[in-house]
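Record features, source TrEMBL:
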{"type": "REGION", "residues": "1-274", "note": "region 'Disordered'"}
{"type": "COMPBIAS", "residues": "94-116", "note": "compositional bias 'Low complexity'"}
{"type": "COMPBIAS", "residues": "117-132", "note": "compositional bias 'Polar residues'"}
{"type": "COMPBIAS", "residues": "133-144", "note": "compositional bias 'Low complexity'"}
{"type": "COMPBIAS", "residues": "205-219", "note": "compositional bias 'Pro residues'"}
{"type": "DOMAIN", "residues": "367-405", "note": "domain 'Zinc finger Sec23/Sec24-type'"}
{"type": "DOMAIN", "residues": "444-687", "note": "domain 'Sec23/Sec24 trunk'"}
{"type": "DOMAIN", "residues": "693-776", "note": "domain 'Sec23/Sec24 beta-sandwich'"}
{"type": "DOMAIN", "residues": "789-888", "note": "domain 'Sec23/Sec24 helical'"}
{"type": "DOMAIN", "residues": "907-981", "note": "domain 'Gelsolin-like'"}
Amino acid sequence: MSQQGYVATPPYSQPQPGIGLSPPHYGHYGDPSHTASPTGMMKPAGPLGVTATGGMLPPGPPPPGPHQFGQNGAHAAGHPQQRFPGPPPVNNVASSYAPYQPSAQSSYPSPMSTSSVTQLGSQLSAMQINSYGSGMAHAGSGMAPPSQGPPGPLSATSLQTPPRPPQPSILQPGSQVLPPPPTTLNGPGASPLLPPMYRPDGLSGPPPPNSQYQPPPLPGQTLGAGYPPQQANSGPQMAGAQLSYPGGFPGGPAQLAGPPQPQKKLDPDSIPSPIQVIENDRASRGGQVYATNTRGQIPPLVTTDCIIQDQGNASPRFIRCTTYCFPCTSDMAKQAQIPLAAVIKPFATIPSNESPLYLVNHGESGPVRCNRCKAYMCPFMQFIEGGRRYQCGFCNCVNDVPPFYFQHLDHIGRRLDHYEKPELSLGSYEYVATLDYCRKNKPPNPPAFIFMIDVSYSNIKNGLVKLICEELKTMLEKLPKEEQEEMSAIRVGFITYNKVLHFFNVKSNLAQPQMMVVTDVGEVFVPLLDGFLVNYQESQSVIHNLLDQIPDMFADSNENETVFAPVIQAGMEALKAADCPGKLFIFHSSLPTAEAPGKLKNRDDKKLVNTDKEKILFQPQTNVYDSLAKDCVAHGCSVTLFLFPSQYVDVASLGLVPQLTGGTLYKYNNFQMHLDRQQFLNDLRNDIEKKIGFDAIMRVRTSTGFRATDFFGGILMNNTTDVEMAAIDCDKAVTVEFKHDDKLSEDTGALIQCAVLYTTISGQRRLRIHNLGLNCSSQLADLYKSCETDALINFFAKSAFKAVLHQPLKVIREILVNQTAHMLACYRKNCASPSAASQLILPDSMKVLPVYMNCLLKNCVLLSRPEISTDERAYQRQLVMTMGVADSQLFFYPQLLPIHTLDVKSTMLPAAVRCSESRLSEEGIFLLANGLHMFLWLGVSSPPELIQGIFNVPSFAHINTDMTLLPEVGNPYSQQLRMIMGIIQQKRPYSMKLTIVKQREQPEMVFRQFLVEDKGLYGGSSYVDFLCCVHKEICQLLN
């Protein structure tokens, strides 16, 4: 099977002297067992390994090195900051319109300068893409591959031959999108002369004469100079699109040094495009049925809509893996450095066109389990001896089948009731748990919701308290309930607070609610039991009475100081007294400065940014909140916090309890009623109604040879195996890392069983089981073929964001760059066929790993930016820790949709474009969404009919950019745009507030930070720069 990777050639075929990172760190952050660099591991690739040593290099401008990834330009550890001679740097965010003055001037250098990437473009001239399918071998070393046109410049005949149909799994960037027309900033205008190009064979020479701009190639055709890439190539290669630059590899005709050619920018369309990868997967797998009957198969991407049919392995909605084929040995795993991890979302929402989970009830006897490892009965158990015994698929122990569970086997050794029992034929199902699985061996009580409102002066004054009380009246009608139930079993209670706590008795037989005040916030107690937690339906009139009175009750209060920890303590004590699990909804707005446990001071210190002490900003100020969180989890009390800060509130401290108790943190900066009301109400409604399990404990079991070692998420761990969660809802994911403890076998594969014991909203104790079988292989190529980049980024983000608490950010960023280079170097060395060292080869499954990794490196958690507050960084860090794969994918690489191309007759979303300024146009209107924010960007020459249709105003100048909701205009454009925004919002856990951005106005600076393929305004590389940096790292590793 001949396969082939994606290839590109940057200008440095040899390592540059004096640049580079400290020795590579492996795998974990600061885990000493992983930091040793294995000597001699990476040998040069094949016969074309680079022989030139650093000392023999001709002088020339080095490529962008890792020093550019320092925070805001801070240099890499252990190396002085480099200053390179040569032309001044250019901003490679070549905008398709002239820059506006003066605000952007400082951040955007002048158009006449040129960066290392532009030099890269000039030296490498036109890129060529050769997409060979996996079944296609190279035809001899001196010939073009068979399906390609004749070698040499494209002739008319070769253009007329019908192109090979594009293969969905293979990238063909450039075949659809043409670059923008030349302008002063991105055109091929005059440019400084550059030194001649240095070719790997030691001859300096100009790029080939025909390297000026040519149209992008058609699928299956060569572009550029007339010899095929990889001349010495005859071995098999991994599947993938291959990219190379003519003249950049040995074996071409020798060229004498000559005058440099006019500069040619590196074409962004010729580097792997996330949009293309997403579209290809949708084209080949969208709308189809994906059956989970095969071990180790790779599911459609999270961005592809399909119908999932459970046939023995858990749906990818519940479990996604970084790779669906594990290496057989730990040595292989160390060699490849691909993290082996699963992102588990046990309560993921199942769409209405897929079957819900079956509930298995074995009565008093409870679920059948392996005697040795305690795994639950599942499709991986093998029945033997006529059905009297079964062998566990996880630990191989042979168990007796309990008499009640006995069934005969058919001629292939399968039970006759195989398809009638969900636990034998499905990957996911639920068991009714027996009393052995309950606290104190008695059935749990249904959970309770306690609403806790901060009634300090500012919240009363801005109308927030009134808004919350009004809304609760309608929202309490929608408390979650089991499908077959008349009304919700959840009880509700109410507390208000400022410096003291007010408990309310809302018992159904009272004419008026009664208030009890607790002033001793040091030792909180619950002043009433009977009448605090009530059934909403029974006490409705008393509750409405209370909600009407609260805003007036505190209308004259001037109290601005608040407490926070005692509020959580009070809620937890109330649940404990009622002996039920539950959830606290806390509405809070300021730093808790009143004398009480958990009192905080303002410690927001910008001087710590970019120092080794920056990590302190992410740590809680006091350990009060950590021990409070442990108490909450022990009593099944989850905390969801709605924050309305107008200044620093120390999210790192206040957010700790919500994070560790499986709650959610919502934050509305500078809340203004008319602008932010809808976003907050959507979040509150969604949070009250969402599917949730309480008082949960999760255990991940594996077959022999590997085990779960690390867990990331909204969880607490009191030992190494039990993942404790006060609650877990449909949006929360736990990411689990696995390590080998022995060899794995290709025959049996690697099996994972995730079991979650929890209490339902009606108070039933249940077990939810998800099973997944993965392949194992002793071939590295199989491991790379089965990777899922979106899950890898989820894992890297969570492990990096966890490390932020203990390590300097610069070290974390270096480790990420290093591990990226390492994974790709190992692929290059072991799986790709020999080729020039100057070529960058990416496995097909990891084509977009560099662009996504660069987005992670530029996120404000890992790279501070002056306009982002400490609280915002702590907030984003916390959100990512519980994200599933679909949410992290959108968060790091936002969706950018052209709205001006809308077809009002279609219900399809318009095709997305890449997140780069070069994709915007003055005549365009674009919608950008990342799961937290939504922007509508308006070009200065937007079509007037669209402006009128969407905003109902006569022209661009009349648009009010303060609005956060689009007006309801009864025409097709408006309806279509609002429908698209609804579709994007629908599956996301957070309500996205809309910001209207006009081109060339100040707020555009915020919008630009989301154009993640471009250079950041405050540090952070462009995608092209990062690709070069990673390639340079790979070359160093291979040498």
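Even glycines carry a Cβ here, placed using N, Cα and C.
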Six or more residues beyond either end and a Cβ under 8 Å away: which residues meet both conditions relative to the domain 'Zinc finger Sec23/Sec24-type' (367-405)?
312-313, 360, 413-415, 423-427, 431, 433, 701-704, 748, 751, 753, 755, 767, 769, 771, 773
List the helix, strand and coil residue totals of the domain 'Sec23/Sec24 helical' (789-888) as derived from DSSP.
66 helix, 3 strand, 31 coil
Confidence summary (mean pLDDT) of the domain 'Sec23/Sec24 trunk' (444-687):
96
Per DSSP, what is the helix/strand/coil residue tally across the domain 'Gelsolin-like' (907-981)?
24 helix, 12 strand, 39 coil
DSSP-wise, what's the residue breakdown of the domain 'Sec23/Sec24 beta-sandwich' (693-776) into helix, strand and coil?
0 helix, 55 strand, 29 coil
